[in-house]
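Heads up: the structure comes next, in structure tokens.
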Amino acid sequence: MSSDTALDVLTRQQNDPTFASVWDELRWRGLVHVSTDETALKEALDGEPITYYCGFDPTAPSLHCGNLLQLLTLRRIQLAGHKPLALVGGSTGLIGDPRPTAERTLNTPETVADWVDRLRAQVSRFLSPDGENGVRLVNNLDWTAPLSAIDFLRDIGKYFRVNSMLKKDAVAARLNSAAGISYTEFSYQILQGLDYRELFLQYGCTLQTGGSDQWGNLTSGTELIRRTEGASVHALGTPLIVNSDGTKFGKSEGNAIWLDADMTSPYAFYQFWLNTSDADVVERLRQFTFLTRAEIERLEQAVADEPFRREAQRTLAFEVTAVVHGVEASQAAIDAAAALFGNGDLTSLDERTLRSAIAELPGSATLPGDADVAKALVETGLVKSLGEARRAVDQGGVSVNNVRVEDAAARLSDLALPGGVVVLRRGKKTLAGVTLA
Ligand SMILES: N[C@@H](Cc1ccc(O)cc1)C(=O)O
């Protein structure tokens, strides 16, 4: 991340006078899908600061776009004065939250511990550490590891009825599948319930947020607290984000969109948001940016009046990339696209941005430095044959790094940008990238 941190960006845009109540804002932004008693929750959120939490499991070295919704929701509630606990699941990550489809493979404790560290660092970037309601990071391994099997079964297990455990969505789906479900994953909801109780007892935590797929796990905690402590606490489930064409949100050509810049480059991240459809873009602006209601409504009008300008998409991509990677990286992603597609000066781009930008072009190849322009045109699929390549160059229709080439036999190493990057263009629009080996 650059010097301009996610929080700087968030904080700049925090004051939206339209919303007297954070509950009203969460509703308007389309973040409330399911919750425990609404009146009680609204009252709690509009009243004195409460402590609330959301958990993230270390199932990969980085969080992804789907988790981002939870991080931003945590931040919105923090901006209203409440105190967040961000839990990274050192113990739950060792067990695995059952997915409706198939059993997870267990990761080694070393791997999980490494991912816990990485996720803690990621999560902290989205929440302010300052003041009375500064974020506290917690790890459920701290209270789960010391628990003996006997204590777990006697003291906690007694409060869970297998019948209701079987009804939870993911468990029910797996029971009906051929693969079934292991006892390990079946027990997961108890652990998450235990977390909520622990955070209630230790910190007075009275709200847990999560995706709506977490509803069973959220209510596992509220029920346990009701049974053991006689207290009534809250849970809030945000909607599952889907694209209006029915495809899953958060993937680009089958790859997950990660928050880690080494796993998904800021350029690719920016492009992902830029590709949002007109039908989805306003909802995404509400859910994933801190822009004010007035600004989002103006963009909604822009989508209706001048969809071809894609102002809403460009704003969305800039804002979300800035929140995750910083303003500079977000601007660099814009500059790279402009230089590539607008025939601009490629030499002004930094090598890393340029490399990640060409990696996203449809035809990209790695070639030895002594390869010539004709060969590169063939290898990247811009032409079908060496003959066609030569003709295209002779007709003046080929450029390398946005400078027209005259000689199809020119060596790529003589034309490359620093880092061995070569951008080939055929005609006006067709681009491909080559990295020299
Ligand atoms: N089960 C949550 C992560 C989580 C773990 C422990 C908790 O206490 C809360 C949430 C998920 O898979 O997204």
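Quick reminder: no glycine exception, Cβ is built from N, Cα and C everywhere.
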Which range of 88-92, 218-222, 248-252 is motif ''KMSKS' region', per TrEMBL: 248-252
Cα-to-Cα gap, Q192 (L-tyrosine binding site) vs K251 (ATP binding site), nearest whole Å: 27
Where the C-beta lies under 6 angstroms from ligand 1, the matching binding-site residues among Y53, Y188, Q192, K251: Q192
Site diameter for L-tyrosine, Å, by largest Cα distance between Y53, Y188, Q192: 18
For the motif ''KMSKS' region' (248-252), residues assigned helix / strand / coil by DSSP: 0 helix, 3 strand, 2 coil
Separation of alpha carbons, K251 (ATP binding site) and Y53 (L-tyrosine binding site) (Å): 26
